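Peer 1: Handing you this structure, nothing more for now.
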Amino acid sequence: MTNIRKSHPLMKIINNTFIDLPTPSNISSWWNFGSLLGICLILQILTGLFLAMHYTPDTMTAFSSVTHICRDVNYGWIIRYLHANGASMFFICLFIHVGRGLYYGSYMFLETWNIGVILLFTVMATAFMGYVLPWGQMSFWGATVITNLLSAIPYIGTDLVEWIWGGFSVDKATLTRFFAFHFILPFIITALATVHLLFLHETGSNNPTGISSDMDKIPFHPYYTIKDILGALLMIMALLILVLFSPDLLGDPDNYTPANPLNTPPHIKPEWYFLFAYAILRSIPNKLGGVLALVASILILILMPMLHTSKQRSMMFRPLSQCLFWVLVADLVTLTWIGGQPVEHPFIIIGQLASILYFSIILVLMPITSIIENSLLKL
């Protein structure tokens, strides 16, 4: 008799995805972050659902409804902080996941990579809209500043911004629609993640060497299920330490002041995970140029397969490219720091240099370095 796990239409899908999946025997802990992202997504949907039961998307009551969740709802405070800091965990895992893809050449799986870039954009949009919902000062002014960037689009810009706002400023209509989108987008992300996984399983996983591992595969269960559970426990532990000991560490104190359109905070800045892109935006004095650079800083990922000039897929055996990769990581950390600083000397020039370096490494230095490494192979 055939095992039900392999014959039942639903069980068969689960079996081929999480149990009998042939997996390279040498994938390292850097491959754990896909499953961690899945766990983050489930956590965000569940905590978000319970928050939505008590939240009111109205300018008059939004701020007090969040306060009510923290003060009066049973364990509301932990649900709220798990959701807020869960977003930070989500982005930490996302950045590592993308970085792993860049380092080991996973972008050569075109469909998987492109859907991943779409997922990144969608998650960023969802997080931005979620930040607006508590209706604190930084929520309101962040929404005003970021949506206003669309006014840089020639001819249709102003109309587009007012259409998104649902009026002549960020107001009740904006908050209501942001709540609606923030609620629906995680389910779209889940669907996209399923397609992401579907395309990945068409080709099989990459591995640290970047060489085909068809002759050396092991079943996903029990080896990688155990490994993923360990990764999940470590991540949940880190998240709980953050939530229970310093829940406001990554937030902005300004967001504990109710939104006031008549009073602008001294430094308007988004959440920490957008600061690198915000720094690139601010480093260009022209509004349209800044917006284009902001979009390009993420969209550049789509070009990675075309910029790959090396004969080797992975950076594992390419020390020069490795150095450049870690310079890129340091550059992104620098941009994140600059994004949170006021617009004054010396931060302006540091931000401009870091932005130039970011695009130079990806578009110029990495392809040239790969060509040099190719020639070194012949020696």
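Don't overthink the numbers, they just go from 1 along the chain as shown.
Cβ from N, Cα, C; glycine included.
What Swiss-Prot lists as heme b b562 binding site is His83, His182. Feature annotation from Swiss-Prot assigns heme b b566 binding site to His97, His196; the stated evidence is similarity to another entry. For His201, the entry in Swiss-Prot reads ubiquinone binding site, with the evidence type similarity to another entry. Annotated transmembrane segment per Swiss-Prot: 33-53, 77-98, 113-133, 178-198, 226-246, 288-308, 320-340, 347-367, in sequence order, evidence recorded as similarity to another entry.
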Peer 1: Can you tell me which of the binding-site residues His97, His196, His201 is spatially closest to His83 (heme b b562 binding site)? Compare CA atoms only.
Peer 2: His97
Peer 1: To the nearest Å, how far is the Cα of His201 (ubiquinone binding site) from the Cα of His97 (heme b b566 binding site)?
Peer 2: 17
Peer 1: Can the transmembrane segment (178-198) be said to touch the transmembrane segment (113-133) if we require at least 3 CB pairs below 8 Å and skip pairs under 6 apart in sequence?
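Peer 2: When sequence-distant Cβ pairs are counted, the transmembrane segment (113-133) touches the transmembrane segment (178-198), since at least 3 lie under 8 Å.
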Peer 1: Are there residues at least six beyond either end of the transmembrane segment (77-98) with Cβ under 8 Å to its Cβ atoms? List them, or say none.
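Peer 2: Tertiary neighbours of the transmembrane segment (77-98) are 30, 33-34, 36-37, 40-41, 43-44, 47-48, 50-51, 66, 69-71, 116, 120, 123, 127, 130, 235, 238-239, 242-244, 247, 250-251, 271-273, 301.
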Peer 1: Taking contact to mean 3 or more CB pairs closer than 8 A (sequence separation of 6 or more), are the transmembrane segment (347-367) and the transmembrane segment (113-133) in contact?
Peer 2: no
Peer 1: Select the range from 226-246, 288-308, 320-340 that forms the most Cβ-Cβ pairs under 8 Å with the transmembrane segment (113-133).
Peer 2: 288-308
Peer 1: Just to verify a number: CA distance, His182 (heme b b562 binding site) to His97 (heme b b566 binding site), in angstrom, no decimals.
Peer 2: 23
Peer 1: Measure the Cβ-based neighbour count of His201 (ubiquinone binding site), defined as the other Cβ atoms within 10 Å of its Cβ.
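Peer 2: For His201 (ubiquinone binding site), the count of other Cβ atoms within 10 Å is 14.
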Peer 1: Under 8 Å between C-beta atoms and at least six residues away from its ends: which parts of the chain pack against the transmembrane segment (320-340)?
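Peer 2: Result: 99, 102-103, 269-270, 272, 274-280, 282, 310, 347, 350-351, 354-355, 357-358, 361-362, 365-366, 369-370, 372-373.
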Peer 1: Using Cβ atoms only, which residues of the same chain lie under 8 Å from His97 (heme b b566 binding site) while being at least 6 residues apart in sequence?
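Peer 2: Those within reach of His97 (heme b b566 binding site), by Cβ under 8 Å and sequence separation of 6 or more, are Phe33, Gly34, Leu37.
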Peer 1: Around the Cβ of His182 (heme b b562 binding site), how many other Cβ atoms lie within 10 Å? Please give the count over every shown protein chain.
Peer 2: 21
Peer 1: Please list, in sequence order, the residues in the chain of His196 (heme b b566 binding site) that are at least six apart in sequence and whose C-beta is under 8 Å away from its C-beta.
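Peer 2: Correct list: Thr112, Ile115, Gly116, Leu119.
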